[in-house]
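As structure tokens, the structure follows; a few thoughts come after it.
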Amino acid sequence: MSTATSTAYRDRSAPAAVEDIELKAAGSGAVSPAPSLHSAGSRAASPSPSATPTAGGLDERAFRIRQILICLSSFTLVFTTCGAGFSFGVYQELYQSMSVEPNTPFTGASVAQIDLIGTLGVAFMTIVSPFAIAWTKRFSPRTIVYCGGLLFFLASLAASFCQSTWQFMLTQGFLTGIGTSFSYIPAVTVAPTWYGARRGLALGIITSGSGWGGLVWAPAIEAMNAHVGFRNTLRISGAVGAALVFLSGAVVDWDPVNKARVQAETDRLKSKSRSWIHSLFAVPLVDWKIARTRQFVANLSANAMQAAAYCTPLFFFSAYAKTLGYSSKQGAMFIAVNNVASGVGRIGIGVMADRFGHANMLLLCTAISAVVSVGLWLPSTLTGVTHTSKGLFIAYSMLYGPTASAYVSLFPPVAIEMFGLHNFASVNGFLYMVRGLFILTGTPIAGTLLPHAAASSMALPKQYLGMTAFVAALLFVATAGVLWVRLEVVKKA
């Protein structure tokens, strides 16, 4: 096999013509046409991706090895940073209990104020994604991942010395979120360019890292909080997390073809920029031709509504479990159960998405997450502390994770199908930023729906009724938005 780029290896499961369309579209700056997928209709054949990476100067075996390494390293980055972030529910429950005690950093803090710490972390993980993506192109994925690991450690270390709630918001929330973004966003931006027909499976494995990470982080954090205190827990988790980020970040890089494109784009940007500082903040915007299309508005709307609801159950699993009579340790296990279900589910859903269509699975999963919220969690708040309410909540903790979290792994492949691989970075960055903004809006609003008494040891399940109804309503609106996305995919197919 020749190693020349013109005859480079292509994934055999996708037609070579698709790649040619993408390369030509990238040169003209036009929006590439949607590939002839049946991803929006019922079909048994696996969908062709909108672009298939070539091996550049790598032979087939070397290219496959790089694909495996990219998948493993990206999984580890998501496992470490997102897994820790989505385990904040353990801290949420601890900090809420400290808020009714004298002489603690959280004395007198409301549930919504404490919730804002974790919300800032998850929100800024995606709000700064346009900068994370731009700097990943400007410097290199590896450099930005290393910066993220360093900031993750420094933020956790600083949080361990904080004495008031607002200081935790700044360190454990804002700064940790930025550190997570610089580690997480390069992984999920670079990885899709390496895969063709199995892109859904690859992203399912990679994003399942947040679920498997939560399985490890949640009980580990709870155990360390109990034995060494939350301050030492922050220091230990920051050091371990940074070490894992540095080790896995050494592998992350663009695929050979897109690396050449990114370098050319960076060179053009440097030539147009007035100064080095100006080029640093020159974030690529979404093409206006794309931004004004129905397809983009549909993606944006669904993404915003789903994000507004997504994190609320994750942050309050442990606190709500205590209202049903469970201990703090058992509450942490609910987070772990939700995360392991999410980890397994994302891989399985990724496989099914490659077979039946990414848009189809996105719609199905979003709809199920809405149905289980109104059908399981909401009734659990109305039946008091009974075996029925406990059973409903256990079922919810197992079903919500894989269905709601599937959105994160499925919307990037759908965006690639709709807007083309060469537009993916700018569109993906903007959609991630919008997710962060609506997480920052929706989750604190949900927190304000809890009365202050919900922080006490005498809290009741019914006090979570308003929050549950709010989450379910947002998810049903998000389902309507995803249905719109699916219809737009049908029109373009």
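A Cβ is built for glycine as well, from the same backbone N, Cα and C atoms used for every other residue.
Predicted automatically and left uncurated, TrEMBL annotations should be read as such.
What TrEMBL records for 29-56 is region 'Disordered'. Residues annotated as transmembrane segment in TrEMBL: 68-91, 111-136, 143-161, 173-194, 201-221, 233-254, 303-321, 333-353, 359-379, 391-410, 430-452, 464-485. Residues or ranges marked as domain 'Major facilitator superfamily (MFS) profile' by TrEMBL: 73-490.
Listed by sequence, the residues of this chain that lie at least six past the ends of the transmembrane segment (303-321) yet keep a Cβ under 8 A from its Cβ atoms are 86, 88-90, 92-93, 96, 115, 118-119, 122, 328, 330-332, 334-335, 338, 366, 373, 377, 393, 396-397, 400, 404-405, 407, 411, 431, 434-439, 441-443, 445-447, 454, 459, 461, 464, 467, 470-471, 474-475, 477-478, 481-482. Sequence-distant contacts of the transmembrane segment (111-136) (same chain, six or more residues past either end, CB-CB distance under 8 Å): 81-82, 85-86, 88-89, 91-92, 95-96, 99, 143-144, 165, 168-169, 172-174, 176-178, 180-182, 184-186, 189-190, 280-284, 311, 315-316, 425-426, 428-430, 432-433, 435-437, 439-440, 443-444, 446-448, 450, 452, 454-455. Counting only same-chain residues 6+ beyond the ends of the transmembrane segment (173-194), those with a CB under 8 A from a CB of the stretch are 53, 66-67, 70-71, 73-74, 77-78, 80-82, 84-85, 116-129, 132-133, 135-136, 141, 144-145, 147-156, 158-159, 202-203, 206-207, 245, 249, 252-255, 257-258, 412-413, 416, 421, 424-425, 428-429, 432. Per-residue pLDDT, averaged across the domain 'Major facilitator superfamily (MFS) profile' (73-490), gives 86.
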